[in-house]
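The ATP binding site annotation in Swiss-Prot covers GLY170, ASP171, ARG172, GLN173, THR174, GLY175, LYS176, THR177, and the record cites sequence analysis as its basis. Among the features that Swiss-Prot reports, site 'Required for activity' is placed at SER363, with the record citing sequence analysis.
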Amino acid sequence: MSMRTPEELSNLIKGLIEEYTPEVKMVDFGIVFQVGDGIARIYGLDRVMSGELLEFEDGTLGIALNLEANNVGAVLLGDGLKITEGSRVRCTGKIAEIPVGENYLGRVVDALARPVDGKGAISTNDTRAIESPAPGIVSRRSVYEPLQTGLVAVDAMIPIGRGQRELIIGDRQTGKTAIAVDTILNQKGKGVICVYVAIGQKASSVAQVLNSLKERGALDYTIIVMANANEPSTLQYLAPYTGATLAEYFMYTGRPTLTIYDDLSKQAQAYREMSLLLRRPPGREAYPGDVFYLHSRLLERAAKLSDALGEGSMTALPVVETQEGDVSAYIPTNVISITDGQIFLSGDLFNAGIRPAINVGISVSRVGSAAQIKAMKQVAGTLKLSLAQFAELEAFSQFASDLDAATQKQLARGSRLREILKQPQNSPLSVEEQVASIYTGTNGYLDSLEVLDVRPFLSGLRTYLTNNVPQYGEIVRKTNTFTPEAESLLKKAITDFLAEFGATKSN
């Protein structure tokens, strides 16, 4: 190897000096002066932004929520057991983001989209901000496609459309989660991506939902996001936004999605806990003043996108728990005013054996009727009115000793129509099966049967139609209308099966 001359070395060093560009990196550091209950107060951090991610010495992340004159109030995204007074904190210059992608399907993740199902890491290339702006007016189109729940009471009288926000509200133990899970099960084979967000629930309850979905092959198109009751309130507060972010990835690729928030009462309680610990002024029921914005910015992300954006959709089914049926409490009234309708579940109906325990009289869907398929409109047009009149007559008949024949007939018809709405859990029905059941009831074919025989008869009729008259189902599925041909096929099938059912009963 030849020796370099001093001139060559000098020129080489000069060249390197000329190429060198000094890189000055400023990092904003702060010092923790108080920590506890998932909250840290920090001196310094003069340039921190609201909602910015902070990184503590031990690797724990936090979010800056309170920017005060002398300190910053931050919530911790973890237990923070190793954070002490005097620990250093640095700004990251980022807001909270999570990875998103196809590989999340069939997985169970926490509020930061980290897998918790023991199936290993989730590989993905894309990320999205947890707090994303909702689509604007120009980015949306009106709801026009149905999202079938598989429940006769909902699809016939409180129809839901893709891109709608429909509240499920009721007391504890009235079947709110059951309706949500049935809706997920009914999306099988329809290309809808489902996200189930469990907020502040027992791990055993989430495991039950997971098993229901797994047994029926619904986990393949579902993501479960969980922030259990034993997790920090920060994670319970973030979980719904994480669920919405995961669903948004699929929505913006032009696919229909369904997001269930179970339940937003617990998220509001977690946010109240955080706000009180941050010493924000309490308002009604000790909730902070921005608790309405907490839910509105979440639910406004549900939309039916315009053609230009790929016509994807996110349908939101938020769940809210009431106390003793009181829908005038703060959180229920807030969410009712944000959503496009509500399915109200009654404890009295549940205890009377009417399940799903939907109170059809006060449940409403504000935009879903535009999305209801024509076949259902044709057969279920008068169903809600008939049931409302029946409920009124039933209450009146308790005080009347003798009733005329017309009233007795109306009461008999009403009690049979109510049987049509009863459905066992995890047994969603297809549209053609629902249409057949409603048509049978509204046209008086069930009047000759005992009330207790109605459900066995309808179950048998559905099997009879599938095995012996498959062309009826094909017509309704393909045309989405109840054509004269479909009606004549159904009439004949009902008449034939009535005779068969009567013969079986007499034997």
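Note that Cβ sites are derived from N, Cα and C of the backbone, with glycine treated the same way.
Feature map: Swiss-Prot annotations on the structure.
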| residue | record | Cβ contacts under 8 Å, 6 or more apart |
| --- | --- | --- |
| GLY170 | ATP binding site | LYS176, GLU321, THR322, GLY325, PHE344, LEU345, SER346, GLY347, ALA357 |
| ASP171 | ATP binding site | GLU321, THR322, GLN323, GLU324, GLY325, LEU345, GLY347 |
| ARG172 | ATP binding site | GLU321 |
| GLN173 | ATP binding site | GLY347, PHE350 |
| THR174 | ATP binding site | LEU345, SER346, GLY347, PHE350, ALA357 |
| GLY175 | ATP binding site | LEU345, PHE350, ARG355, PRO356, ALA357, GLN425 |
| THR177 | ATP binding site | SER205, VAL209, ASP262, VAL319 |
| SER363 | site 'Required for activity' | MET157, ILE158, GLY341, GLN342, ILE343, PHE344 |
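Classification of GLY170 (ATP binding site) by DSSP places it within a strand. The local packing around LYS176 (ATP binding site), expressed as other Cβ atoms within 10 Å of its Cβ over all shown chains, amounts to 25. Highlighted in sequence order, GLU321, LEU345, GLY347, PHE350, ALA357 have their Cβ within 8 Å of the centre of the Cβ atoms of GLY170, ASP171, ARG172, GLN173, THR174, GLY175, LYS176, THR177, the residues recorded for ATP, and are not part of that set. DSSP assigns SER363 (site 'Required for activity') to coil, not to a helix or a strand.
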